[in-house]
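Quick look at what Swiss-Prot annotates:
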DOMAIN    1-61  domain 'TGS'
REGION    242-533  region 'Catalytic'
BINDING   Cys333, His384, His510  Zn(2+) binding site
Amino acid sequence: MPIITLPNGDQKSFDHPVSVMEVAQSIGPGLAKNTVAGRVNDRLVDACDLITEDSTLQIITPKDEEGLEIIRHSCAHLVGHAVKQLFPEAKMVIGPVIEEGFYYDIWMPRPFTLDDMAAIEERMKKLIDQDYDVIKKMTPRDEVIKVFTDRGEEYKLRLVEDMPEEKAMGLYYHQEYVDMCRGPHVPNTKFLKSFKLTKISGAYWRGDAKNEQLQRIYGTAWADKKQLAAYIKRIEEAEKRDHRKIGKALDLFHMQEEAPGMVFWHANGWTIYQVLEQYMRKVQQDNGYQEIKTPQIVDFTLWEKSGHAANYAENMFTTHSESRNYAVKPMNCPCHVQVFNQGLKSYRDLPIRLAEFGSCHRNEPSGSLHGIMRVRGFTQDDAHIFCTKEQIGKEVADFIKLTLDVYKDFGFEEVQMKLSTRPEKRVGDDALWDLAEKSLADALDAAGLEWELQPGEGAFYGPKIEFSLKDCLGRVWQCGTIQCDFNLPVRLDASYVTEENERDQPVMLHRAILGSFERFIGILIEHYAGFMPPWLSPVQACVMNITDSQAEASEQVVAKLKENGLRAISDLRNEKIGFKIRERTLERIPYLLVLGDREVEEGTVNVRTRSGKNLGTMSVDAFIDLVKSAVAERGRYIVE
């Protein structure tokens with residue numbers, strides 16, 4: 001007779017096998033009404049599943065993270081139910097949960113339209129209103145094959161073939177529709193009311209472009225209407241902040257078909273890029289890095305020796321000349337080892353920190369390209385530290401401090417850090433892994449911030465720390481990384497002379513702070529919605545005259561601002577001053593300076609911000625000091 005132990009320690013005894021739902025009902029009708037599933041002995045199960053022995057049980061409701069994930073998974077099945085009713089010719093493939101939502105891959109003889117998506121969503125709502133129970137049946141393998149054969153679901157049959165060890169499988173019935181899944185799923189469609197379909201895109205069977213093309217319907221689902229509304233509002237705000245739209249509106253960059261995944265930087269965007277590069281150059285110089293420059297195109301034999309050819313060839317652009325094969329570098333590390341290898345190195349020379357604003361190219365699939373966030377040609381703030389095993393800890397600690405300071409300068413205060421440790425398949429002895437992992441963990445602890453352990457998620461050649469930023473919409477962007485490498489120095493014959501006058505391989509620390517400049521600028525654009533802090537604004541001030549009589553004085557003010565290092569322009573058009581102010585405000589220029597007869601006579605400027613705040617009249621020198629003070633605060637300064 002099972003004794004059920006609840007999370008608060010209470011126990012309930014039953015004289016027969018009991019389902020999760022029955023336990024919930026024995027506790028109270030309110031809990032039973034909200035029961036989505038259960039966690040029995042730390043394993044998620046359906047509400048209908050029986051408990052036959054003494055067990056621990058947590059009732060899962062929509063308020064739990066697992067409950068929300070189950071709701072989303074069940075919504076994917078509901079998509080299948082609606083699609084098969086509306087489009088019987090469709091073939092269902094897979095429908096997993098993703099962050100904040102779900103999708104379903106479907107084969108159709110024709111593309112889905114937006115009208116189709118609206119019809120599918122409407123049918124889903126009607127099915128939910130029927131308030132039907134979702135029925136789970138553990139089904140023998142042969143019967144599963146028969147079910148999907150009778151229904152002509154060839155992709156489901158392929159998935160069954162992928163699981164030869166499974167003797168029985170879970171089939172979930174939504175009325176006449178049936179889907180295969182490990183579960184768990186909601187017991188009733190009443191839990192699925194707070195959902196929305198969001199978009200349609202293309203996909204490939206098994207994610208391989210050589211296979212048949214599928215269509216992917218995305219959606220989101222939440223515990224209640226309030227959460228759904230908040231999500232929709234956040235998505236609408238994200239769409240307003242789309243870096244592609246803002247990039248066009250502010251004349252920052254463009255992309256075009258003749259160069260897919262390559263950025264055409266316009267003057268305004270290139271100014272932001274240069275500010276980033278100049279800032280990072282000084283930061284790295286101040287922290288003991290030597291800046292180098294390595295070739296764009298390198299003989300393919302180096303990539304074979306480094307191991308990249310075996311593991312990365314399909315993402316590399318290659319070329320051929322004079323009977324030699326070359327690759328356009330997808331990353332900088334092998335070239336940095338070549339620089340390190342020039343000349344004999346002693347332990348006294350270490351650590352050596354080599355930095356490069358390295359231009360890299362990767363042959364990313366065209367379907368994955370996204371504005372300047374996912375490109376084929378990009379520049380990294382890349383650096384490699386060559387050090388002894390004993391120096392790992394200090395180098396990592398210094399890098400963590402440097403990285404967090406840089407992020408604060410760009411206005412990012414919330415940073416998530418994750419330590420990934422040794423996988424099963426790896427190079428290097430355990431003692432070296434022990435030392436490296438402890439060095440990284442100690443450095444994280446010394447920073448005094450929370451961090452997350454990801455066991456087994458490190459690369460085969462060493463543990464790593466990842467740094468992720470949280471933007472104003474709560475989205476998380478992985479940017480920085482520091483990665484121990486015990487492999488590449490061995491493969492590329494990097495060595496130094498130890499204190500005992502012997503040869504040893506240095507540890508190589510791969511590190512980046514911003515990552516790709518292109519992607520980081522995209523993040524900045526969306527984080528600030530184009531309203532860059534003054535230090536990053538392509539134009540920091542626009543000087544405008546009221547009438548032609550102030551034109552010369554306006555140009556003189558612009559000249560003085562430029563002499564003092566400000567990025568300034570004039571607007572001398574024969575337009576009303578209100579029109580010029582509105583237009584320049586739309587360009588997100590932080591400061592708008594107006595000159596009338598009084599300002600010319602007094603040698604002053606009237607200053608207002610892009611948000612409309614009037615800062616009053618001040619001397620040009622006072623305004624210069626104001627901007628320089630704002631620039632010095634970098635991302636910590638907000639233009640009111």
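Each Cβ is built from the backbone N, Cα and C atoms, and glycine gets one as well.
Locations of recorded Swiss-Prot features on the structure.
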residue : record              : DSSP class
Cys333  : Zn(2+) binding site : helix
His384  : Zn(2+) binding site : strand
His510  : Zn(2+) binding site : strand
Given the binding-site residues His384, His510, and counting only Cβ atoms in the protein chains shown, which has the most within 10 Å of its Cβ?
His384
Average model confidence [pLDDT] within the region 'Catalytic' (242-533):
93
Neighbourhood of Cys333 (Zn(2+) binding site) by C-beta distance under 8 A, where only residues 6 or more apart in the same chain count:
Ser306, Asp382, His384, Asp485, Leu488, Met508, His510
Which are the residues of the chain, Cys333, His384, His510 excluded, whose CB is within 8 A of where the CB atoms of the Zn(2+) site average out, their centroid?
Met331, Asn332, His336, Val337, Asp382, Ala383, Gln483, Asp485, Leu488, Met508, Leu509, Arg511
Would you list the DSSP helix, strand and coil counts for the residues of the domain 'TGS' (1-61)?
13 helix, 24 strand, 24 coil
